[in-house]
Amino acid sequence: MEGAAVAEGLWGLADHHQKLGEIGKTIKCLEAICQSQISFLPLVEVKSRLRLAALLLRYSHNVNHAKSHLERSLLLLKSIPSSYDLKFQNYSLLSHCYHLLASFPPQRNLLVKALELASSVPQDISAYLWSCNFNSQLANTFIIQADFPSSLSALESGFLSASHICFPELQMFFTASMLHVHIMQWTDDYSVEKAVQRCDEIWQTISSDKTDRCPGLFFYNEMLHVFYRLRLCDYKNAQHHVDRLDQAMNAHSHKMQEIQQLLDELSSLNLSLSRYDLPSRERSALSARQSQLQDRVNALSPSSSTVNSLEPAYFGNIDRGWTEKLLLSPSPIDGEWLPKSAIDALVHLMVVISGRPKGLFKECSKRIESGLQIIQDELIKLGITDEVREADLRHTAIWMSRVFLMLQMQFLENRVALELTRSDYVEAEEALVDMKNWFTRFPTILQASECMIEMLRGQYSHSVGCYSEAAFHCIEATKLTESISMQASCQAFAAVSYLTIGDAESSSKALDLIGPLNGMTNSLSGVREEASILFAYGLLLMKQRDLQEARNRLAKGLQIAHNHMGNLQLVAQYLTLLGNLALSLHDTVQAREILRSSLTLAKKLYDIPTQLWVLSIFTALYQQLGEKGNEMENEEFRKKKWDELQSRLAEARGSIHHIELVAKARIELYQIDNNPQEQSLVASAQSMQGNLDIPESVGIEGPSPAPSSSRLVGLDTGKRWGKRRM
């Protein structure tokens, strides 16, 4: 009796301190039970250790301490025949600890035991819900280790458990997760398409009131549809989902702001009502207002948000209020795909990816700034400041750091591509140097970014007229990825740079690169690579004077660029080549029309090199037609644009970063010392390579959603075949 009274008293005191936000004192009350000389019942100690571990995971970085409490609690529970919910909670929390510590084999073994227990108890709703929880976590461990078949099997088991209890939100959670795995492994188009159709079918069965309880499920489903469309380079159909995401994110943000204002007012009212000397009439009015505010908060809030779940945040242990979360599913999963801030940034990124090829540079620049600011704020919360390197990271922060660092690289990649498109080479330099510096500080976490950095160095080098260096960096990029599609793109870009040099040796190298690519377009995962290969091959055929075949190839590439990709810059470049071809075939009427369209697009994009390219062909056209007045007017405009380009190039070449970016050398990395912390970092980060929840289709290791690498400029396809324009 004495022990029970002491425990009740300490639990009550812990409740009091927790309501006041005094987490340290709350933990001390619970630790007093665990360390007391008084003999408590096993259940008392178990409940105390469970609650203590949950607090440590949520409010501190002491994962090992939490793990010790949970392991002790699990031992105590073995002597208790029932108490299944406590056992399930213990298994789930301990699994989270192993996940945060990157102890994946122990986590997998623990989850298998938890599933065995869940299948052996009476099969009520609680047992099925916990089966969903454990299958979800088990699938995640398999994904981290790139065991996609086992992950799909675990997710299918979770789906069946959700189906047994007719829980459509959970069914959708597992269906979307299976689509996610299919997108990551992408064995064939048919399997992924079937997974997409299954998601659409399940989504139709969920009523709107249920989706409101799990707002993250909508974002997860829509984002996966965007990834799927981008992977197919189906940018036009991806746009519909991007628009839905953007509208939903704005609506959700406004809703959360309203709720936060209500909560702030409610907190102020509660403080006023706590005064003992408050007049009764005023107290009555404040109480009525309090009731109104609480009803409004309840109406706006997801039903699961008001429940204090024992589960910690699914990713990491950063304490965040429920208004900052986008829950994927109901309790006891309550998981997030990514934190709300990461989803916010990702939506901005999708808007950039869909808008940049269309030349919507003002909106894209604004979104890039917003996304980078969100990421910078989160990196600071994770302790990543200017001097921090990956070896300095807390182990529990590695996963979440990688999410935001990878997102940051995606934004910087798009900034480089955007600035190169509109001929702002100094801005492109700065963004590319930022990418390089982040990579040298976090080489293991950002290992997948090295290929794209080399590719962008090649694009920058080509843009400023360093064609040999451009080819070098594109060839180096092929060595840094196992993606056949990415390798094909890099080789195509290198071939264009070689063709721009124009001498016999370089043309031979271009032929060696393009020849093997020509026969493999059907084996590539997207039309983006095919468009790049067709451009390079068409250019080669033009240099070989096989004009009719060149026209056929370029016409096919133009159709892809226009119908599937919607990339105005690539369309302008294709049109320029086709206009020049028409001129070479003495079809001056068609040449004039094609070149006018190309020049219009190049002007819209502020793409000065392409404008100059078109203007030089116009000069040849007017000379052929004997239109002296048009020729002089055209030359005057061309000279103006030439001077503008030379000014920009001089500024870029005069930058302190120019030499290091074009130099024929890979990025030098600092050496990792052989200490346990850094070895652990390498092991855990390598286990996650390629498995960030942003699939390849966004642009790191696989088909980039918008061809930042279509910077195919500096080519003179007029009379002086193969000569440099600069």
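Glycine is treated like the rest: Cβ placed from N, Cα and C.
What Swiss-Prot annotates here:
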REPEAT    7-40  repeat 'TPR 1'
REPEAT    88-121  repeat 'TPR 2'
REPEAT    132-165  repeat 'TPR 3'
REPEAT    229-262  repeat 'TPR 4'
REPEAT    443-477  repeat 'TPR 5'
REPEAT    531-564  repeat 'TPR 6'
REPEAT    572-605  repeat 'TPR 7'
REGION    697-726  region 'Disordered'
Distal contacts, the repeat 'TPR 1' (7-40) - CB-CB under 8 A, six or more residues away: 48-49, 51-52, 55-56, 59, 69
Confidence summary for the repeat 'TPR 6' (531-564), mean pLDDT rounded: 90
Helix-strand-coil residue split for the repeat 'TPR 2' (88-121), DSSP-based: 30 helix, 0 strand, 4 coil
